[in-house]
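Per TrEMBL, the features are:
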BINDING   A67, V68, K69, P70  NADP(+) binding site
DOMAIN    4-96  domain 'Pyrroline-5-carboxylate reductase catalytic N-terminal'
DOMAIN    159-264  domain 'Pyrroline-5-carboxylate reductase dimerisation'
Amino acid sequence: MNSIAVLGAGKIGESLLSGLLHAGRNPADLLFTERHPERAAELTDKYGIEHVEIDAAVRRADVLIVAVKPQDIEPLLDGVAPLLEPSTLVVSLCAGLPTKLYERRLAAGTPVVRVMPNTPMVVGEAMSAISAGSHADEKHLALVEDLLSSVGQVVRVPESQQDAVTALSGSGPAYFFYLVEAMIDAGILLGIPRATAADLIVQSAVGAATMLRDGSEGHPVILREAVTSPAGTTIAGIRELEKHGVRAALIDAIEAARDRSVELGSAHD
Ligand SMILES: NC(=O)C1=CN([C@@H]2O[C@H](COP(=O)(O)OP(=O)(O)OC[C@H]3O[C@@H](n4cnc5c(N)ncnc54)[C@H](O)[C@@H]3O)[C@@H](O)[C@H]2O)C=CC1
Ligand SMILES: O=C(O)[C@@H]1CCC=N1
């Protein structure tokens, strides 16, 4: 079993550690680094995973998973680069950062896999997209797939698509949460108590998502048409969505997120 160190235990780092434990991985095979000591103590108490300094993580782990903000990558690589053996696999979860950034900074030949996960990892429902850097081969991709499939679904994509993937599935959960928030507010406007409105909308979201994924007819247009009766309630609502340009707003939002991912990567050129 590979020993894995998560570098930076914030929201995504913790989601991954908790997902791996939930999937049955031995806490003794996991390590993490975290620059805030109170946060490190909290996670060790909660999960029984050892907190280490960066040099111990690099020395002891076969797989290093980078989960710091893209803006914090340079000081992290300053700590990793002098100690890293080129046999160690480096897995980056960072939005925007290309594998070539790591390859430039780390020992020649270091395998790097770029991943875009998302927060549903915490309930075993992540969508992760993975891409190989120039020294990562099939065995490295298979190892990362095995690791991430314990916390959700995994697809392989060319690295050239990772900024778009980041905008779609990396940020995607936030857009669904935003829609749910707005729909609950609509319930409040219509006089439904907040808790009841939340139950109605959240279960509708779960049901709709399950139909999209598991139903015999998963195409969104067909599913939406089945809800939309002639001269009924749904079409009255859809007309308002079209009038307010909600479809165009979503397309623009996702394009802006893609552009920001590109910008985060090019800050390190
Ligand atoms: N939050 C999300 O939904 C997603 C985030 N990501 C990516 O995951 C990465 C982490 O994001 P979050 O977990 O949201 O951020 P976060 O801010 O919650 O976590 C980052 C953690 O790294 C720690 N840290 C920073 N520099 C460090 C260093 N040199 N050594 C040790 N610890 C250090 C921070 O103290 C913090 O706890 C980002 O690169 C982001 O692009 C990817 C997909 C989804
Ligand atoms: O907002 C962000 O930058 C990160 C990357 C994808 C989701 N959250």
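A Cβ is built for glycine as well, from the same backbone N, Cα and C atoms used for every other residue.
Keep in mind that TrEMBL annotations are predicted by a computer and have not been checked by a curator.
When the binding-site residues A67, V68 are compared by the number of other C-beta atoms lying within 10 angstroms of their own C-beta, V68 comes out lowest. Put plainly, the binding-site residues K69, P70 were compared by Cβ crowding within 10 Å, and the winner is P70. Mapped onto DSSP classes, the domain 'Pyrroline-5-carboxylate reductase catalytic N-terminal' (4-96) shows 44 helix, 18 strand, 31 coil. Counted with DSSP, the domain 'Pyrroline-5-carboxylate reductase dimerisation' (159-264) comes out as 89 helix, 0 strand, 17 coil.
Taking the mean position of the Cβ atoms of A67, V68, K69, P70 as the NADP(+) site, the remaining same-chain residues with a Cβ inside 8 Å of that point are G8, G10, V66, Q71, D72, I73, L76, L93, C94. Per-residue confidence over the domain 'Pyrroline-5-carboxylate reductase catalytic N-terminal' (4-96) averages out at a pLDDT of 96.
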